[in-house]
Amino acid sequence: MGHLKPETTTHSAVQAPTPQARSRRWTRALADRLVNIRVVAVLSAIALFAIAYPIACRLEMNRSVSAMFAPDDPTMRDYRQLQTAFGGNAVAIMVYRDTDLFSPEGFSRSRQISEQVLAVDGVDEILSPSILSDLVAKIRPSGFLTGFSSKVPPLMRRRDVVARGIDKLFAGYTHSEDHQQAAVVAMLDPQHTPDTIEAIKSIAASLPDQHLGAVDQVALVGEPLLVHDGFALIERDGTKLATWTIILLSIVVLITLVDLRFVLLSAASIVWSITITQAIMVLSGIQLSLVSTILTAIVTVIAVASVLHLGVRFRIARTRGYEHREATVRSLGMLVMPIFWTCATDAAGFAALRWSRILPVQQFGWSIAIASTCVFLSILLIAPAIMMLPNWRTASKLHQWQSKLARQMRRLCLRIAMWFVAHRQLSVAVAVVMMIVSAMGVWRTETETSFLKNFRPDSPIVVDYDRVEKTFGGAGVWDIIVDAPPEISKRYLADVLKLEDDLRKIQVDGVSLAKVISVADASEIAGKAPGLKYLPPPVKLRAMRLIMPLFVNALLTPPTAEPELRHLRIMLRSREHSSALQKSGLIDAVNQVVKSHTLSAQWRGHFKDVSPPPRAGRVTGYYVMMSRLVSQLIRDQWRCFIASSILIWLLLLAATRSPRLSTAALLPNLLPVLFVLAVVGLSGDKINMGAAMIAAVSVGLSIDGSVHFLATYRRHRDEGHSCKVAATHASGNVGVPVLLATIALVIGFSVLATSDFVPTATFGLLVAITLAAGTVINLTILPAFVSWIDR
């Protein structure tokens, strides 16, 4: 091992050691101590794992859409009021074709199917043609006095004004206007489990065989179905990504180091870090959610990157002739701080997600931040023991081939870095121009807020939605909640009907509401029955509540002993197959009409003696929540991106003590993200849920190579090399592990491109492209930028 040349100054012997020299002494002492206590350290890691494992096994996934929002979110407050007053808005709709629906046999089949669905655990109420027929029978019973035959299903009576009114009111809701399609609308318990959806799916799949020749073209739609299928696909994709990432990166570790000890270290670090992280998540009340299934893959990336750099440094030390223990101490001492800062910047990048207003995104950020810390702890506790194991190297021929490949790759990295450093001013200028153009392109991106667009066009659920929307006009279910006075008057119901008429008139780029239903409609139709015709509204509604309690309770809260505000529900249906602008425009238009009515003096006149005063009507439901969820996620991405960049810059500043080097390391890592999102925008594609987290995630992952580059660069500078030589050799030193790890990561994340869940496919593809671009920039622009700014 060579020694530094003495300084030319005459005071070199009395000069105080530099901060870098003191840091190297301290880390060397720490590494030596870790090797000495390696048995105690690894036993401590095993003990922690044994304690954490049973706790980690209790980690569960929360599939609820309401869990996506913070408790104080206005969208969540409105939905919680809907849940409190009416039990929520979770609706699954089973549609089937029955060309003989309006016949005694057709109604018998409807009854059988309705009873099957109602028997499913988690289904609170149902609405179907047979249920409507029962309602008509209660309002207008058959017999001598009414002249209606008991052999004819009540809803089929053409001479009955009530039957015709109910038929018309619910056409497009429980049956098609041509009476060829029927629907069973299942109101689900807000806390329903995935088993509820699976049971309904099983019933839907069995209908054609149960009613052979009579029932076919069964479709199952509803926002709970979308969420259920989305979570199922995300869980599957998370497992696939984790499996492929672990396998590919283990192969990379083996090829790079030809040493099974480091493969073992990678596996131990990953398993230990994930288990400890999951245990902390359980103890902290954090659950897995829509965005957290990639936890294992992200932890694998962070852990393997650290192990690769550690292994390369260990192999270099052994090649230079250091004995086993000394090589272990030197490699740990040299890299313990770079690995610390790498994990710290990863943690900061993901912790920046706490600025998101979507609760699972915040929790995901904290989870990865915890996991990054655990990776560093796993290196401290486990690496010394495994590195001190006997040599597990593979065949010498493979080792020779690997050494030759590594030398060639290092020479390639050196040549590339040398060229860019030699033309550093041109390189920096090109990078600045690309960043400006990319930033301009990003502003042209549009968002995709339709949750249905998260599935591929040929997926079963999209095909079902197409079929339902062609026959029923709309499968998107949402609601309006308006305050109601303690005593419902005829004038109040008339104002509700006027509000409904104005809602039906809304047109936004050719999109309108397919159905608008409230208790006011039912009261108007029921009032045509001789027995209810002359009753005042309060008495009529009480009679209706006795006749059809489930239906009325789902639309109007019951009166209380004290004169308090009540709530009335207006159920809406609209097309799920709408563009983002159409959907948001329709929601905004409905909000505007509702507020215009419910804030008017005429409306408030119904509440003169009521305290507190009435609020403006609230528009809520799964349809609204899913639209706002995606929009919020996309808006949050830039807030989190800025926060992530600032936090990472501060940590780089703490690591380098140089604002210039920190800036030089961060800026090139922002370019890949901006460039990829700009390409998405300029190509006309829309930013969906998968692209919405790219910014913060990619910066957190791509900065790792820059941290190791800066550590090596500063070491070369301390040894007296010029900025050009230091940047070139730093790139050559870190290039091989960074290149090989990136190849594995690109392949691993590209596997997700085949996912049936479009955001997952988008996320995988864009992360792969961003990481590849980030590696290219770290090996080209970064050396040029650092040598230019540090000259």
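Quick reminder: no glycine exception, Cβ is built from N, Cα and C everywhere.
Positions annotated as region 'Disordered' by TrEMBL: 1-22.
The compositional bias 'Polar residues' feature in TrEMBL is assigned to 9-21.
Outside the transmembrane segment (34-56) by six or more residues, the chain places 271-272, 274-276, 278-279, 282-283, 325, 328-329, 332, 378, 380-386, 388 with a CB less than 8 A from a CB of the stretch. Taken from TrEMBL, the feature transmembrane segment applies to 34-56 (among others).
Annotation comment: TrEMBL describes 70-395 (among others) as domain 'Membrane transport protein MMPL'.
With a threshold of 8 Å between CB atoms, the same-chain residues lying at least 6 positions outside the transmembrane segment (241-258) that come near it are 266-267, 270, 294, 296-297, 300-301, 304, 307-308, 311-312, 314-315, 393-394, 398-399, 402, 405-406, 736-737, 740-741, 743-745, 747-749, 751-752, 764. As annotated by TrEMBL, transmembrane segment applies to 241-258 (among others).
Annotation source TrEMBL lists transmembrane segment at 263-284 (among others).
When Cβ-Cβ distances below 8 Å are used as the criterion, the transmembrane segment (290-312) is approached by residues 68, 230-231, 234-235, 237-239, 241-242, 245-246, 249-250, 252-253, 256-257, 259, 262, 265-266, 269-270, 273-274, 277, 331-332, 335, 338-339, 342-343, 346, 350, 360-361, 363-364, 367-368, 371-372, 374-376, 378-379, 383, 387, 689, 693, 697, 701, 704-705, 708, 734, 736-737, 740-741, 744-745, 748-749, 763 of the same chain, each at least six residues removed from its ends. Summarising the annotation, TrEMBL assigns transmembrane segment to 290-312 (among others).
The feature transmembrane segment is assigned by TrEMBL to 332-352 (among others).
Taking Cβ pairs closer than 8 Å, the transmembrane segment (364-391) reaches residues 31, 34-35, 38-39, 41-42, 44-45, 259, 261-262, 264-265, 268-269, 272-274, 276-277, 280-281, 284, 286, 289, 291-292, 295, 298-299, 302-303, 306-307, 310, 314, 324-325, 328, 331-332, 336, 339-340, 343-344, 346-348, 350-354, 356, 640, 696, 700 in its own chain, all 6 or more past its ends. Annotated transmembrane segment per TrEMBL: 364-391 (among others), in sequence order.
Annotation comment: TrEMBL describes 412-443 (among others) as transmembrane segment.
TrEMBL lists 616-787 (among others) with the feature domain 'Membrane transport protein MMPL'. Along the domain 'Membrane transport protein MMPL' (616-787), the predicted structure has mean pLDDT 82.
According to TrEMBL, the feature transmembrane segment maps to 636-654 (among others).
The transmembrane segment annotation in TrEMBL covers 666-684 (among others). Tertiary neighbourhood of the transmembrane segment (666-684): same-chain residues 431, 434-435, 437-446, 641, 645, 648-649, 652, 691, 694-695, 698-699, 702-703, 706, 766, 769-771, 773-774, 777-778, 781-782, 785, selected by CB-CB distance under 8 Å and a gap of 6+ residues from either end.
Taken from TrEMBL, the feature transmembrane segment applies to 690-713 (among others).
Only residues 6 or more beyond the boundaries of the transmembrane segment (734-753), in the same chain, are considered here, and those with a CB under 8 A from a CB of the stretch are 237, 240-241, 244-245, 248-249, 251-252, 255-256, 297, 301, 304-305, 308-309, 311-312, 406, 409-410, 412-414, 417, 705, 708-709, 712, 760-761, 763-765, 767-768, 771-772, 774-775, 778-779. Residues annotated as transmembrane segment in TrEMBL: 734-753 (among others).
Beyond its flanks by at least six residues, the transmembrane segment (765-789) meets 413, 416-417, 420-421, 423-425, 427-428, 431, 660-661, 663-665, 667-669, 671-673, 675-677, 680, 690-691, 694, 697-698, 701-702, 705-706, 709-710, 713, 723-724, 726-728, 730-731, 735, 738-739, 742, 745-747, 749-750, 752-753 of its own chain at Cβ-Cβ distances under 8 Å. The transmembrane segment annotation in TrEMBL covers 765-789 (among others).
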Contact yes or no, the transmembrane segment (636-654) and the transmembrane segment (332-352), 3+ Cβ pairs under 8 Å, gap 6+: yes
